[in-house]
Amino acid sequence: MTEFKSAPAYQEAKYLTSAAEFDQLPPDQGAEIAFIGRSNAGKSSALNIITGIKGLARTSKTPGRTQMINFFALNEHERLVDLPGYGYAKVPRMVQKRWEELVDSYLKNRRCLKGLVVVMDIRHPLKEMDEDVIEWAVNYDIPIHILLTKSDKLSQNAAKKTLGEVQTAISAYGEKLTLQLFSSHDRTGLDEVKAVLSQWFRSEP
């Protein structure tokens with residue numbers, strides 16, 4: 001049984017592979033932490049800031065561009081995973097349904113998944129699909145950490161107010177969910193999210 005005691009070197013992240021179907025996923029071994037969120041919530045930007053590698057995860061002004069599960073290797077055993085964005089109205093329903101089925105299969109069956117980071121724009125938190133994803137993850141007993149991104153777009157007081165409102169809304173889940181403020185622009189919350197990821201990676205298999 002392999003144990004991961006030290007924090008991974010996020011700056012060592014390298015693109016590994018992409019999967020459009022469940023059977024295209026890399027071997028289910030080691031440890032993975034996945035990122036998911038609405039299109040344009042800042043998911044790719046968060047991955048780029050966390051790793052310190054500009055352009056690692058492709059960002060786009062066009063929501064819905066990430067249509068596959070993208071894997072980034074930190075080392076031989078540990079990976080960050082960029083799940084398809086959801087909630088973009090211009091994506092055909094058939095395509096959207098395929099994404100949902102792929103993500104659901106990943107969350108349900110991926111044994112090496114250590115935790116799920118749910119990325120939400122702080123100005124539009126807890127949309128219906130966000131709540132659906134949280135329900136999926138809770139049902140599959142996956143730890144969840146919520147990033148309220150783009151916190152620099154609000155005043156400090158407004159950001160703290162929204163943080164409190166979301167905390168109240170998810171309080172029924174207890175310790176299964178944690179959350180924080182985050183900004184890729186001014187790096188608010190960067191050390192905090194890295195600490196959460198490192199704790200998950202160090203957890204027992």
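Note that the numbers count up from 1, one per residue, in the order the chain is shown.
Cβ atoms here come from the backbone N, Cα and C positions, even for glycine.
According to Swiss-Prot, the protein carries these features:
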- 37-44, 64-68, 82-85, 149-152, 182-184: GTP binding site (BINDING)
- Ser44, Thr66: Mg(2+) binding site (BINDING)
- 29-203: domain 'EngB-type G' (DOMAIN)
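Overlay of Swiss-Prot feature records on the structure.
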residue	record	DSSP (3 states)
Gly37	GTP binding site	strand
Lys43	GTP binding site	helix
Met68	GTP binding site	coil
Pro84	GTP binding site	coil
Lys150	GTP binding site	coil
Phe182	GTP binding site	coil
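Neighbour counts were taken as the number of other C-beta atoms within 10 angstroms of each residue's C-beta; across the binding-site residues Gly37, Pro84, the minimum falls on Pro84. Note: the Cα of Ser44 (Mg(2+) binding site) and the Cα of Gly37 (GTP binding site) are spaced 10 Å from each other.
Comparing the binding-site residues Asn40, Lys43, Met68, Lys150, Phe182 on other C-beta atoms within 10 angstroms of each C-beta gives the minimum for Met68. All chains included, 24 other C-beta atoms sit within 10 angstroms of the C-beta of Ser44 (Mg(2+) binding site).
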